[in-house]
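Quick notes on the structure that follows.
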């Protein structure tokens, strides 16, 4: 294999990893700040200017805390749980197109770790594996509340994966590809998928809330009933890993929402910039546009958190199985009919 | 390089498969089985069968095994609860396993020429486009049979869960 | 007037269990309304007071640490009549009276004075009834922000005359200011 490609991809992966971690870190601060603002408070403002060093302080605290191990027969699984959560939250970013391509040192650098044929299925597969982290951790804690929470989390994630997959099928029927890069390229200009698949987007949005275990679907961490949920028995950086994984997966799912439905790195007037200032400039602006979209989605996640109260378990299941899945199937049928009509085959 | 990876993967597959059978704790068995499935997905990837590998992970590791773990965790199986199976059921299990193995072996022996045939045709059978065309043109009937089978099992599951309601 | 129609706050709303229309049962409109309410709070004035730098205004009737006053000649005013102890609802005050010796004329204003005067700060509720009861204007609840300091020993919360009596230099200052 070309040595330059290996170096290029290596650097790229490290950069993406660092950005994901940085985002996850500052999401914790953003969450607290936005929560405070929405409740007419100020939020953390003591560590650094305006609380900018708060994540570091939190991390330092978590690292220096005593690591507590419950009396469990599965010490190994107890340790593996948070590790699985963290790694599954991180590896999704491999297939995401962060930008078009840059022309540096006389070669085209594609801003994507790998462009596989089945990228969307890959994202889906990683999501479905992510349940194991919570499940194994909750079970190995040897605690009834943790187990209950793990049960809730996994059943919720499995249920919503179905609706999520069905909502994506309509999108795939329309775009005709599973590669996220091709999808991003198709949305050039203002051809964003949200305009063609509004119902699909809504279903996907609700499901991604459920998949990341965020409010209003955070039954797994329901404090009033389950103490702390599946990480009740965890302390120190192991718990930090679970929290971190939640924020990392929030970042990733915001990215996927932006890539699938909101035109990825495309922005209106991209061609004009490319003509007048060069392709590199336009593509670099594209990266920033993508990150702006991601930040908007992250804000939306937090905004929703402080607006909608937590669902009850039966309400959650009814919403998933009795409303979202039929809606998604109807969406598929209608999309199919429209595609056939526009092709003139019906 | 590829051969070494194959040996490592095969070792993992075999080891986890044996551990699945041999470990006393049902949860551990289930987790070993998950690892086994992952290594099998690795084998698929070595064939460059990306679609198959990913779907294998989604369906088996992501859905079926989670449901399995789910049931095991809820049933709270202990070593003490394990009953000794009767001799008859053991023999029946061995016989049925041998039959399944025989059928599988026969199919695989039959299947071999088709693989070489595809290799000769020069088409990229791993790309989902070709895969879809093959599935929905050449193998339309088996594909639909599979979907009917799944539908039947789904209805069966619903019926089983509703049984008590019907009786009352 | 039946109990159902009474509304003390004037904002009572009757809860209705009417069947929701299809659009309402989607909750999309309701969620959107809720989002608008929360986003409005993003731009409202924050009510937080950054404590060590900013402090809240004290109420005009704020009552802080007690003080046994001296008169303009620096003599203690207290005559140990015990009315403060009597009026105290928490029974926090104890005292022991003693007769003034002739050579103590410059120390105590009245013929009888409190040789021991103690307030149990764990019991005191800072109601100010002692201040109201005092016929000699001897005990006051000051505006001091310093409340009782934390401690691990219960004995240390019983404040004696050493902590309660007005410091002498403060009395001298007061007299000087009065003279001006």
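In case you wondered, yes, glycine gets a Cβ from its N, Cα and C as well.
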Would you mind telling me which of C:21-43, C:44-66 TrEMBL tags as transmembrane segment? C:21-43
Quick one: Cα separation, residue C:88 ([4Fe-4S] cluster 2 binding site) versus residue C:134 ([4Fe-4S] cluster 1 binding site), in Å? 11
List, in sequence order, the residues of the same chain other than C:78, C:81, C:84, C:134 whose Cβ lies within 8 Å of the centroid of the Cβ atoms of the recorded [4Fe-4S] cluster 1 site. C:79, C:80, C:82, C:83, C:114, C:130, C:133, C:135, C:136, C:138, C:139
Looking only at residues six or more beyond either end of the domain '4Fe-4S ferredoxin-type' (C:115-144), which have a C-beta under 8 A from one in the stretch? 58, 62-69, 76-81, 83-98, 109, 154, 157-161, 164-165
Cα of residue C:130 ([4Fe-4S] cluster 2 binding site) to Cα of residue C:81 ([4Fe-4S] cluster 1 binding site): how many Å, rounded? 12
Do you know offhand how many angstrom separate residue C:78 ([4Fe-4S] cluster 1 binding site) and residue C:124 ([4Fe-4S] cluster 2 binding site) by C-alpha? 19
Between residue C:134 ([4Fe-4S] cluster 1 binding site) and residue C:127 ([4Fe-4S] cluster 2 binding site), what is the CA-CA distance rounded to a whole number of Å? 14
Have a look around residue C:127 ([4Fe-4S] cluster 2 binding site) and count the other CB atoms within 10 A of its CB, chains all included. 15
The domain '4Fe-4S ferredoxin-type' (C:67-98): which same-chain residues, six or more beyond its ends, come within Cβ distance under 8 Å? 106-121, 123-125, 127, 129-130, 132-142, 161, 164-166, 168, 171-172, 174-175, 178
